[in-house]
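One structure is given below, encoded as structure tokens.
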Amino acid sequence: MRNPEPMQGVQQQWYEKRRGVFPRQIDGTFRRLKWAIMVITLGIYYVTPWLRWNRGPYAPDQAVLIDLANRRFYMFSIEIWPQEFYFVAGLLIMAGIGLFLVTSAVGRAWCGYACPQTVWTDLFQHVDRLVDGDRNAQIRLQNAPWSGSKLARRLFKWSIYLVISFWTGGAWIMYFADAPTLVREFWSGTADPVAYGAVAVLTGTTFWLGGFMREQVCIYMCPWPRIQTAMLDEKSLIVTYKDWRGEPRASVKAAQKQPAAAFGDCIDCNQCVAVCPTGIDIREGAQVGCITCALCIDACDRVMGQVGRPRGLIDYATLEDAAREKAGNPPTPHWKLIWHPRTLVYLGLWSAIGCALLFALGTRTHIDLAVQKDRNPPYMVLSDGKVRNAWTVKLKNMENRPRPMVVALKGLPGAVMWTDAMSQQDAARSVHATVAADAILPLRIYVAAPAGTGEQSFALILKATDREGGGDLEKARFDAPNEGEQGQ
Ligand code: SF4
Ligand code: SF4
């Protein structure tokens with residue numbers, strides 16, 4: 001796309017050139033909270049695939065595993081089969097509502113603290129400080145002409161980015177296969193090509209998005225800030241510059257020179273801008289670039305402490321509470337601002353889905369019976385006058401050990417059943433089978449009822465005959481010739 005023609009002697013640009021963001025190191029309550037969340041989230045991500053969980057000899061011992069080959073999802077003691085995808089769907093719905101809940105309660109806290117883009121950008125910004133120094137040193141180096149030492153420094157820093165990115169991509173594939181085995185195969189060159197491809201793509205995206213794109217992902221690429229902005233209302237907690245207290249701004253010296261002038265508390269030190277990871281000035285009001293990380297609160301509180309003014313010139317506040325405070329009322333404690341009707345509705349919805357999933361998880365059976373009747377012919381009249389129907393039944397064992405089971409008839413007086421593996425002479429009211437661990441056993445079942453039996457409903461019952469027990473029941477229809485036909 002071409003830039004438009006110059007207007008009034010000014011070269012108009014379609015896109016604003018990116019301004020470098022070099023956030024200054026800051027310490028404070030919110031910075032420490034960010035550290036803690038970074039350690040926890042990265043720790044969970046990198047360590048989880050290495051956790052072991054004993055499931056016996058018939059199942060993998062990786063605590064969290066998405067076993068695509070065998071179509072299973074393992075999470076500690078929970079094992080999800082493909083037909084139980086509603087659990088995964090439920091978890092995804094909970095995650096979505098959870099995001100709404102967090103936004104309603106504490107604004108864009110997800111963006112500021114736990115979003116992967118924020119966490120990895122934060123990590124890379126610490127690498128910048130480690131290699132290049134704090135904000136001023138980074139700006140000096142950025143503006144310096146290319147030289148051998150600048151190139152060496154850049155290459156060193158980028159190689160650290162690359163190692164972090166590679167670890168990130170490498171950790172991801174460990175969720176899809178046994179981690180120790182995959183590592184061995186990966187380094188010996190025998191892993192599946194998909195694994196190498198996935199690591200390459202994830203390494204590249206982490207390197208590019210975390211190392212170079214950074215705040216541009218939040219401001220221009222990610223749709224979530226727009227959605228969140230639409231969700232925020234006058235009761236939402238956002239990071240707020242209290243202009244009624246801070247304006248008009250003046251440095252401490254200027255204020256001392258004009259003691260009669262009524263200056264505000266902001267000394268225009270620019271520290272809130274210097275620490276901002278997206279490079280915005282919160283004093284210009286709420287904006288989409290603010291991820292509400294609250295580092296500007298830490299910076300301003302520190303400045304207020306140094307100049308002997310009360311903290312909270314920049315603080316979390318709702319628009320409603322800001323208006324109250326502006327009118328001279330004391331600010332409402334943050335914990336009270338969290339609880340408003342929309343938050344409670346989201347919390348109720350989120351909890352209801354969570355309870356429903358827990359209930360379904362706790363009451364699900366680990367064996368299952370599926371039956372499919374032969375349609376053509378629906379019945380056969382045997383030489384001795386008995387009527388025979390046939391079914392394909394599937395016995396499912398969702399445990400990681402073989403289980404003995406019995407399929408029995410309920411109803412259909414006088415009928416007996418047998419399978420392909422049995423002689424008709426051994427037919428009985430039930431048949432026994434052992435189903436392998438984590439497997440489905442298909443059986444052909446023939447049911448013969450005495451001559452003269454009419455069409456009727458009955459049931460096939462599945463029971464596990466081991467100590468743990470459990471069972472399932474499937475209703476079925478027994479087809480037979482009508483009375484007129486039977487008499488012929
Ligand atoms: S850190 Fe506080 S005092 Fe300094 S410019 Fe920002 S708002 Fe004003
Ligand atoms: S303005 Fe403050 S809260 Fe918003 S992104 Fe910048 S430092 Fe974080």
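Any Cβ shown, glycine's included, is placed from N, Cα and C.
Remember, TrEMBL labels are computer predictions, not curated facts.
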Stated TrEMBL location of transmembrane segment, expressed as one of 195-213, 214-232, 404-422: 195-213
Contact between the transmembrane segment (155-175) and the transmembrane segment (195-213) (at least 3 Cβ pairs under 8 Å, separation 6+): yes
Tally of DSSP helical, extended and coil residues in the domain '4Fe-4S ferredoxin-type' (257-285): 8 helix, 0 strand, 21 coil
Same-chain residues at least 6 beyond the ends of the transmembrane segment (33-51) whose Cβ lies under 8 Å from its Cβ atoms: 62-64, 112-114, 116, 119, 122-123, 167-168, 171, 174-175, 179-180, 293, 295
Rounded mean pLDDT for the residues that make up the domain '4Fe-4S ferredoxin-type' (257-285): 92
